[in-house]
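The domain 'G-protein coupled receptors family 1 profile' annotation in TrEMBL covers 39-288. TrEMBL lists 24-47, 59-80, 100-118, 138-162, 195-224, 236-259, 271-290 with the feature transmembrane segment.
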Amino acid sequence: MGNHTTVTMFLLWGFSSFPELQHLLFTVILLSHVTILLANASIMVAIKLSQNLHTPMYFFLFALSFSETCTTMVILPRMLVDLLSESKAISLLECATQMFFFFGLAANNCFIMAAMSYDRYTAIHSPLHYHILMTQKVCVQLVMVSCVVGFLCSLGITFTIFNLSFCDSNNIQHFFCDISALVHLACNYTVHHSMIIFMISAFVLMGSFVLIMTSYIFIVSLVVKMPSAQGRYKAFSTCSSHLTVVSMHYGFACFVYLIPKNSDSFSEDMLMAVTYTVLTPLLNPIVYSLRNKEMQTALRKVYYTVLTIFCLAWQVKRP
């Protein structure tokens, strides 16, 4: 290793280039984080409390909302602390742990969306046998497989990255321990490591995307054969929310993790990562609630119940 100094501590230097925007960024990200938590929690509570939402489609939506919430919890609280803190230090172990959970949960999201597309295909292809084919046991197994495969892929990436030697500079030009920012600091990063990371990323993103697109090709082929225009509209409307979320999710993720980058693209990467870690989890519950009448009805009931409880509690506290 010559005269290189082995790094054991990193500095998350992401937003330090914009000191005048630190408080504004803190406020915007805090509000976004609270909104993400409230929106996803509302969806999960609505699904749990509404008997008519106890179906496979909403089971997967519950799992996706929970996974999205956990994903943001891995990144955003730390980002908020760093925005107000002078010390932006993060240890090697903390960095590896953050990377492992972030990519594990992100991969889990991809595979859950693939399971959701299979669920929509089964509902349209075999409506009479749908509840026989998509039992609660099958749904739980699909979510568990998504989780296990997602975290195994994340383990492969994390192991590859943190087996590298980090020399000299310890300034991570990012707001979290992302792949591109860390490999830029490694002194023994080779094409071999690059190929391993690319193959795992491609397996997660392109593999799950191929499954989703295959399901929708079959769905479209079934829907266009339906004699009723109302039936075709109903079939497509049940898939529209999922397709919107898939488009946003894969569009940003593929740009960040599959397109080759150079060292001058860190600012661009960071902007896309903000979109991926903040905007996408924020829009997902909005898309599902705005485009789904059953969910809208369930959410109104939840909000009405919460409002009633607060009003009763306020009246009890009054002298």
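Using the three backbone atoms N, Cα and C, a Cβ is placed for every residue, glycine included.
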Touch test for the transmembrane segment (236-259) and the transmembrane segment (24-47), at least 3 Cβ pairs under 8 Å: no
Touch test for the transmembrane segment (24-47) and the transmembrane segment (195-224), at least 3 Cβ pairs under 8 Å: no
Among the ranges 100-118, 138-162, 271-290, the one whose Cβ pairs under 8 Å to the transmembrane segment (195-224) are most numerous: 100-118
Intrachain neighbours beyond the transmembrane segment (100-118), with Cβ under 8 angstroms and 6 or more residues off its ends: 57, 60-61, 63-64, 67-68, 70-71, 74-75, 139, 142-143, 145-147, 149-151, 153-155, 157-158, 176-177, 204-205, 208-209, 211-212, 215-216, 219, 242, 245-246, 249-250, 253
Stretch-averaged pLDDT - the domain 'G-protein coupled receptors family 1 profile' (39-288): 87
